[in-house]
Amino acid sequence: MNVLSYSINTLKGLYEISGVEVGQHFYWKIGGFQVHAQVLITSWVVIVILLGSAIVTVRNPQTIPTDGQNFFEYILEFIRDVSKTQIGEEYGPWVPFIGTLFLFIFVSNWSGALLPWKIIELPHGELAAPTNDINTTVALALLTSIAYFYAGLSKKGLGYFGKYIQPTPILLPINILEDFTKPLSLSFRLFGNILADELVVVVLVSLVPSVVPIPVMFLGLFTSGIQALIFATLAAAYIGESMEGHH
């Protein structure tokens with residue numbers, strides 16, 4: 001009976017897990033539009049965390065930096081290094097964009113593991129990390145696409161489109177397809193990794209004692225940071241590529 005009872009409880013847990021699906025959403029109706037409330041709520045929380053921590057830490061810069069100021073200066077230096085390595089000497093104007101991408105994705109990813117989203121109940125679906133939703137990752141990828149098109153056009157003008165027939169016009173369809181696959185790969189890589197990480201933790205918490213999933217959660221924090229770095233690095237690389245014209 002104990003085995004049967006355990007099996008039934010396990011099946012119930014799996015059934016509850018199956019409710020965590022990509023298609024469950026909670027919407028706000030504003031005028032004639034449906035607004036994806038889950039993503040907006042969690043994104044606002046992440047933005048408030050970023051702005052609040054930055055304002056509190058660096059509103060009064062000190063000649064002898066405080067620990068918080070040192071931390072933010074280190075982050076800025078890190079983002080500048082990534083931008084300069086991928087874009088080149090003209091990296092300066094792109095540091096805010098690359099930094100915004102990196103910090104938003106990084107904090108969003110970590111919020112999925114560290115913030116107790118589940119305690120806030122919604123009529124439909126549940127709150128999770130913003131990057132756990134395909135709408136967020138696609139939006140970030142499209143912003144990156146707009147950025148590297150803008151970078152190429154602002155530097156080369158209409159001559160930028162000449163890259164599509166290099167080194168031979170035969171490669172025109174492939175070169176066009178490449179620009180369409182870049183945002184797809186960026187968005188689905190980030191979305192898939194974050195969604196899979198959260199689902200693995202949910203499954204383990206449901207099936208085994210609470211202490212066992214802790215190492216997996218720490219691994220998830222590490223991979224979440226890596227995913228933010230990969231996204232920002234690739235975005236900078238695409239911008240640098242569009243300005244230089246090399247594939």
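From the backbone N, Cα and C atoms, a Cβ is placed for every residue, glycine too.
The feature transmembrane segment is assigned by Swiss-Prot to 38-58 (among others), with sequence analysis given as support.
Cβ atoms under 8 Å from those of the transmembrane segment (95-115) belong to residues 42-43, 45-47, 49-50, 75-76, 79-80, 82-83, 128-132, 136, 140, 143-144, 147, 190, 194, 197-198, 201, 217, 220-221, 224-225, 227-229, 231-232, 235-236 of the same chain, restricted to positions at least 6 beyond its ends. Residues or ranges marked as transmembrane segment in Swiss-Prot (evidence: sequence analysis): 95-115 (among others).
Cβ atoms under 8 Å from those of the transmembrane segment (134-154) belong to residues 22, 36, 39, 43, 94, 97, 101, 104-105, 108, 160, 163, 179, 182-184, 186-188, 190-191, 231, 234-235, 238-239, 241-243, 245 of the same chain, restricted to positions at least 6 beyond its ends. Per Swiss-Prot, transmembrane segment is recorded for 134-154 (among others).
Marked as transmembrane segment by Swiss-Prot on the basis of sequence analysis: 199-219 (among others).
Listed as Cβ neighbours of the transmembrane segment (220-240) (distance under 8 Å, sequence separation of 6 or more from its ends, same chain) are residues 79, 82-83, 85-88, 91, 94, 97-99, 101-102, 105-106, 109-110, 112-114, 131, 140, 144, 147-148, 151, 182, 186, 189-190, 193-194, 197-198, 200-201. Taken from Swiss-Prot, the feature transmembrane segment applies to 220-240 (among others).
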